[in-house]
Amino acid sequence: MEKMELPHVRLINTNVTNFDYVVNVEDDQSWSLPLYNALLQGDWEIVEAIIKQEKEAITARLTAFAETPLLVAVKGGKRLPFIKKLVDFMPPEALALTDYFGNTGLHAVAVLGNVPAAKLFVRKNQELPNIWNIDGSLPIHLAAMRGHRDMTLYLFSVTREDEYSDPSKDEAGATLLNFVINAGFYDLALHLLEHNPKLAWQGTSPLDLMAEEPSAFLSGEHLTIWQNLIYSSPPLKRIRHRKFMHHQALQLVKCVCSEIKSLDNTKANSILTGPFLLGAQNGINEIVKEILESFPHAITFLDEENHSVFHLAVMYRHEKIFKIVHQQSGQYKMSLALLLDNRRNNILHLVGYKACLDRLDLKPGAVLQMQRELQWYKEVEKFVLPQERKSKNSDGKTPLTIFNEEHREMAAYETQWIISMATSCTVAASLIATVAFAAAITVPGGNHSDGLPIFSKRSSFIAFAVGDFLALLSSITSVISFLSIFTTRYAVNDFLYSLPNRLIIGLISLFLSVAFLMIAFSSTIYLVFAQKNSLILIPIIILTCVPVTLFTYLQLPPLLNMIKSTHGPSIFG
């Protein structure tokens, strides 16, 4: 092949004098910059010409970071066919060349999650997965850190197990365990723990990481009524993935607790205190329950503010955590209930403070937020001694004073919300009542000379009459219920039962009035237009169901939540 003419290039880089590898094109390497540019641009013809002409080009260091042509191509995002052509020119040992940071081409594709390229490299050099960079990371570490599950799984299959599971390399194993947990690969975390149980307490405890991920557990999902039905249904692909993740996360917690049992109490306590209290704070029932079952004395753990798990459950409004702890606290129950924090707040003081915003936002409907806060206060009040209900904290405030001060703004906001809702619903119910009353006067088909409706003997007319009557009755009931909201005192205690009950009656009546009105309307359409063609009944029924179904879908979940919260079992019942 005729020798390709390459322009003479002189590279001057004054910012990289501290690196071991600096491009120097004065010594017969004028091809370096054209090769570098061709690699970035994906121009295979120029790349091929240079590496065929200059044998050392395939292993040359082209950048201040000592990157080889392969690393430049991979980091430049070149497609697999281009990379494959480049690899075909390389001897197996050339793939193990590293840059200034000790990274090979496999490290680079691990960061990018390029599994086909990784397979291409490993087929040519099986030792690539076992090469460490200067930060002490294998390619599998980088893949897990970036959350590339497919790449991590592949590298698990080709990396020598002793590289990350050898007890002499616990730090690397602990780092990998942290990466896979942060990425949500709990099945891989279990695999690591099975091969090296010491990872359960080496470095950052897996429980610390799990306690920061409520979404990894079923208790952190906060599913709506519809979502609960879907979650409980036969496994769909997406639901199956969520269930698998929840199951694996729980198994990981069980596995770690089992391994920590082998430690002495002092070390076990130092490992468990943080995740136990953080799990309680984040409402992760599974972590709290598993730790308590394995280490019952964990009930006595306190944070730096002298808050126990009881305090944290109350502060962050986690009723399930409170119930779990209450059932298992035994002899510690009374002492924990009487415990004061650093500001001399007892447990009733703490429930008086407004819940954090993210917990309030979980309640569908503003009225339920204030109602739930009152329910918490009333329930916790039962667990303290009578004198504790009037005790003062370091600021000289009683629990009730704190509750009223903290919730004054919430009560004002929810008063406006309820008035606005009642206004809107009153208008809607009034319109339905007007239509129902007008329909009762002007019956479909008209009347005989004696005043009797023409269709009075037809069954569909009876359906119209009954539906119209019930629509009028329920809409008037709804109007009365919503109007009564305007006359209430809006005292704090009214948010507990009085206001929710009026809303419940009003919304149920409004829902029924819509349903009955649609029945009356459908009966009228059938009477007038379906005398000769009864098939028209089918589209009538289908179309009638649309507004009723839509109303049910949008309003039924918050209505059921309101009914459950008002008339269902108590928070801890």
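Cβ from N, Cα, C; glycine included.
What TrEMBL says about this protein:
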- 416-528: domain 'PGG' (DOMAIN)
- 417-441: transmembrane segment (TRANSMEM)
- 461-483: transmembrane segment (TRANSMEM)
- 503-529: transmembrane segment (TRANSMEM)
- 535-554: transmembrane segment (TRANSMEM)
Problem set entry | Per-region confidence, the domain 'PGG' (416-528) (mean pLDDT, whole number) | 86
For this session: Would you mind listing the long-range same-chain contacts of the transmembrane segment (417-441), meaning Cβ under 8 Å and 6+ residues beyond its ends?
Result: 366-367, 464, 468-469, 471-472, 475-476, 478-479, 482-483, 485-486, 499, 503, 506-507, 509-510, 513-514, 516-517, 520, 524
For this session: Pull the DSSP breakdown for the domain 'PGG' (416-528) and write it out as helix, strand, coil residue counts.
Result: 89 helix, 2 strand, 22 coil
For this session: Go through the chain and flag residues at least 6 beyond the ends of the transmembrane segment (503-529) whose CB is under 8 A from any CB in it; none is fine as an answer.
Result: 367, 418, 421-422, 425, 428-429, 432-433, 435-436, 439, 444-445, 455, 458, 460-461, 463-464, 467-468, 470-472, 474-475, 477-478, 481-482, 485, 536-537, 540-541, 544, 547-548, 551-552, 555-556, 559, 562-563, 566
